[in-house]
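Taking it in order: structure first as structure tokens, then the write-up.
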Amino acid sequence: MIQIGKIFADRYRIIKEIGRGGMANVYQGEDTFLGDRLVAIKVLRSNFENDDIAIARFQREAFAMAELSHPNIVGISDVGEFESQQYIVMEFVDGMTLKQYINQNAPLANDEAIEIITEILSAMDMAHSHGIIHRDLKPQNVLVSSSGTVKVTDFGIAKALSETSLTQTNTMFGSVHYLSPEQARGSNATVQSDIYAIGIILFELLTGQIPFDGDSAVAIALKHFQESIPSIINLNPEVPQALENVVIKATAKDIKNRYTDVEEMMTDVATSTSLDRRGEEKLVFNKDHDETKIMPANLINPYDTKPLIDKKEDNDSQTDEKAASSEVGNKNKKSKKGLIIGLIILLLVVGGATLAWVVSTPTNVKIPNVTNSTLSQAKSKIKDAKLKVGTVHKQQSSTIAEGKVIKTDPTSGTTVRSNSSVDIYVSTGNEDIIKMKDFVGEKIDEAMATLLKDYGIDESQVTQTSVPSDSYPAGTIIKQSPKKGSSFDTKGSEKITFEVSSGKQVEVPDYKPNGQYMTYSQYQAALKAAGFTNITLDPQATTNQQADGYVYSVYPNVGTSVDPTQEIVVTYSVYTAPSSSSTTSESTTTSETSSSTTSSTSSSTTSQPSTDNNNSSKESSTTSSSS
């Protein structure tokens, strides 16, 4: 059993439990062999100790991850068995899952969503190049570090159990919300299966919701290969058509319509917001296969009495004799049939025209109030009111949130004819409200210049806190608030807060440890040993010979934590013999001093050097008198 605070596998100190899965628990620990470096330790639960399938799957994850070394894949450093418990030791990622990040920040800005999905694609490009298919890509299996780096993890079913899609309990391998249609049907997973899951993740990043949901896993799986993916633009009008097309192609029902590999998808997503793709039309695939198709109304001729399937040419090879013998009878039959067909057509035309007149007669309707609704909600309300959705306009608003409807034209409450067009105005938000960029890792001076240039934010709106850091160079931003992608009102009272690295901090050592003064050479060596590299020696004259060479001051003061590259000024005493005139004066003063005082002064001389340069003459005269 794993115990908090104990040493596991003779190496790892367990700090706390940080996660629980279906088969394993994850702990934060310290690697005592590597200077207490933080690690994540994944341990197979004790109830699976004798489960060969579970152990094989657990070991498969270790082997899969061990093959991959990539900045966007969680690294693995150790694997083994300890006291009958299988374990994997991985790098510790200080952050959250992508699912948690989506819940807090979605819908994400287009650029941020592209950045995240590109890092996932880059990771999977590496995995696929090694023949490894993840099979369970989902936001819960992607980590976002505190610095914003995305890392794919949990290769537990990679390349595993390809011959099986449903277990005895009707649960599918892979999370059903991100499961490709071929996996849902029980087929083997391919590179395109991972691409499908990445497309679903991109949908969720851009909209904040999953495209398919239901009451059961089977119901959701059916939707994956029966229903078209919902329109992203209806849910988030800020998404350009080219970017939505990336999702449409990645999540195509037919594997042949998807990207051939993740590199192709990366190339496409990289240009999806470029100006030359701004007029791109929506991507549509042919749905002829395995579906019933209704012919468009404009292709149907109600007066065409030709058979839908022509007779075979063999029928035309009948002899003239046979044709002649039946000609008269056929004419009579045809004339009767023609009369009947003509009457039917006439009735259909008259009845249809009457019905069309009744149906098409306009009625008066009121335009519904859709202010503050989402675009999709507004469209539904307008259609329900027997009206058509006209042009969707984008407009800034200081009162209506981004993505919500500001107004309609004609305005709500206006009475119009049914089937009239209604334009919708959607808020792009307040121009004073911006989406925060990611400044972590940037120099504070560069970040301040960007804020001023791009948003007009000056120093009065920014609070800086200096924080020591061994990881970030001095002057580099470690943490920011609001976080990347969050909203910030440039005209509001809230301030942007930056934690800025002051670099590695070293404490100035004491020059008189245990009450014993150090010479300047001893103290200089102590400073270098502490890591200081910029040491300035400042000698000061003294007539106190006992103080010669000893340090009596340092700047910055002892105990101050500073950057080891900062200048350290060491002040020490240098003995200078007094001048002859000074000696005469001192001798006169000495002769006036009583012998008892002289004796007392002489006997009180200590072994410690005096470092008070201002009293050097008095000390010197005392020494002269005693001699």
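Each residue's number is its place along the chain shown, starting with 1.
Placement of Cβ uses the backbone N, Cα and C atoms for every residue, glycine included.
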Please identify which of Lys42, Lys99 is recorded by Swiss-Prot as part of the ATP site containing Ile18, Gly19, Arg20, Gly21, Gly22, Met23, Ala24, Asn25, Val26. Lys42
Across the domain 'PASTA 2' (430-502) the predicted model averages a pLDDT of 88
The DSSP breakdown of the domain 'PASTA 2' (430-502) into helix, strand and coil residues is 15 helix, 25 strand, 33 coil
Where does Asp136 (active site, proton acceptor) sit in the DSSP three-state scheme? coil
